[in-house]
Amino acid sequence: MTYLEIEGTNHLSGNVTISGAKNAALPLIVSSILAKNEVKINNVPNVADIKTLISLLENLGAKVNFQNNSALLNTNTLNQTIAKYDIVRKMRASILTLGPLLARFGHCEVSLPGGCAIGQRPIDLHLLALEKMGANIQIKQGYVVASGNLKGNEILFDKITVTGSENIIMAAALAKGKTKLLNVAKEPEVVQLCEVLKDAGLEIKGIGTDELEIYGSDGELLEFKEFSVIPDRIEAGTYLCAGAITNSKITLDKVNATHLSAVLAKLHQMGFETLITEDSITLLPAKEIKPVEIMTSEYPGFPTDMQAQFMALALKANGTSIIDERLFENRFMHVSELLRMGADIKLNGHIATIVGGKELNAADVMATDLRASSALILAALAAKGTSKVHRIYHLDRGYENLEEKFKDLGAKITRLEE
């Protein structure tokens, strides 16, 4: 097993280039199932989740060429509609194949998903929506077995769901007639999926709002244009927190600051200043790091995927910070590891109270999920001594060239084999 060795209390400086968004690339790659032509996608991050999804598509018969952050996808050769457990178990996003496979072929079987062990993350909302569109759905031996010709309908999501919105948008693209979706997720990743489908000829209204109207093509495949994946706002936020926790000046390149409004607002409240251009953000050191109150919510609110990183940053603040996690249960699994480094954090249900300003000391810590592992790296950057972060396969699922990027900023970080 590999681990990261990190020497703390070093200043960072320089530039880091932000990769394409993993959470945008996943549904965009899946959307190639709706294409009549070969689809070229640029700025695709070379991370484990992307490779897992490509394996899944190849398993279904697609031809995929992925190199130099560009993916060339041909789904005309699809000859299989069963997404098998041994691939799906590695990653939740595999459930995204359900809507497009069903819409294109009229039947499919998709194993119930795996991925990070964060809360329940139920897929009932996906299934209820597909049933409303005329699908017959059964759960058999750990598989979602779906069949039927999809027809447009009005669908209200009881809760905002990002993957649910994406799945049903793709299903509605090939369905017969108009689908009206209410309480749709407004995340930039969902917006890009809609824009790409619109460019491919789909009639879709309300992009960027919580209400979409999609006029399905009744089974006719779409003609995709070449496009690039949007920058990863969570990766960007993580590097901003790395600059902040070491109180350093760093610049992020190839980033979209408008997608980071909530994160930047909290950094400003904590005493940091930023210089923003069309595609860069420079973080300036704070005179004093102030405590902060954060409540996670759906976009454009504060992202749950940045909660762990800000908890690490709050350990350096001069005072007591509060983090209220509203979206997922079990999303404080990093707390026990931060305590090993000398953190003062108290949990009460979904609320964490962080007393900052105490010295952090290096320790051996273990990552439990993708974003928790990045919080441990941030804490290690600020801790006195050399820390080891274990189970970093979680990091490899979502961060491209992580240690190289940190090294470019001057961090002392090494990947080693146990």
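Glycine is no exception: its Cβ is also placed from the backbone N, Cα and C atoms.
Database features (Swiss-Prot):
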| type | residues | note |
| --- | --- | --- |
| BINDING | Lys22, Asn23 | phosphoenolpyruvate binding site |
| BINDING | Arg92, Arg121, Pro122, Ile123, Asp124, Leu125, Asp305, Leu327 | UDP-N-acetyl-alpha-D-glucosamine binding site |
| ACT_SITE | Cys116 | active site, proton donor |
| MOD_RES | Cys116 | 2-(S-cysteinyl)pyruvic acid O-phosphothioketal |
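Location within the structure of each feature annotated in Swiss-Prot.
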{"residue": "Lys22", "record": "phosphoenolpyruvate binding site", "Cβ neighbours (10 Å)": "25"}
{"residue": "Asn23", "record": "phosphoenolpyruvate binding site", "Cβ neighbours (10 Å)": "24"}
{"residue": "Arg92", "record": "UDP-N-acetyl-alpha-D-glucosamine binding site", "Cβ neighbours (10 Å)": "19"}
{"residue": "Pro122", "record": "UDP-N-acetyl-alpha-D-glucosamine binding site", "Cβ neighbours (10 Å)": "11"}
{"residue": "Ile123", "record": "UDP-N-acetyl-alpha-D-glucosamine binding site", "Cβ neighbours (10 Å)": "19"}
{"residue": "Asp124", "record": "UDP-N-acetyl-alpha-D-glucosamine binding site", "Cβ neighbours (10 Å)": "12"}
{"residue": "Leu125", "record": "UDP-N-acetyl-alpha-D-glucosamine binding site", "Cβ neighbours (10 Å)": "20"}
{"residue": "Asp305", "record": "UDP-N-acetyl-alpha-D-glucosamine binding site", "Cβ neighbours (10 Å)": "22"}
{"residue": "Leu327", "record": "UDP-N-acetyl-alpha-D-glucosamine binding site", "Cβ neighbours (10 Å)": "20"}
Worksheet item: If you measure Leu327 (UDP-N-acetyl-alpha-D-glucosamine binding site) to Lys22 (phosphoenolpyruvate binding site) at Cα, how many Å is it?
Response: 20
Discussion item. Can you tell me the CA-to-CA distance separating Pro122 (UDP-N-acetyl-alpha-D-glucosamine binding site) and Asn23 (phosphoenolpyruvate binding site), as a whole number of Å?
Written reply: 18
Item to complete: Take the C-alpha atoms of Arg92 (UDP-N-acetyl-alpha-D-glucosamine binding site) and Asn23 (phosphoenolpyruvate binding site) and report the distance between them in angstrom, rounded.
Response: 11
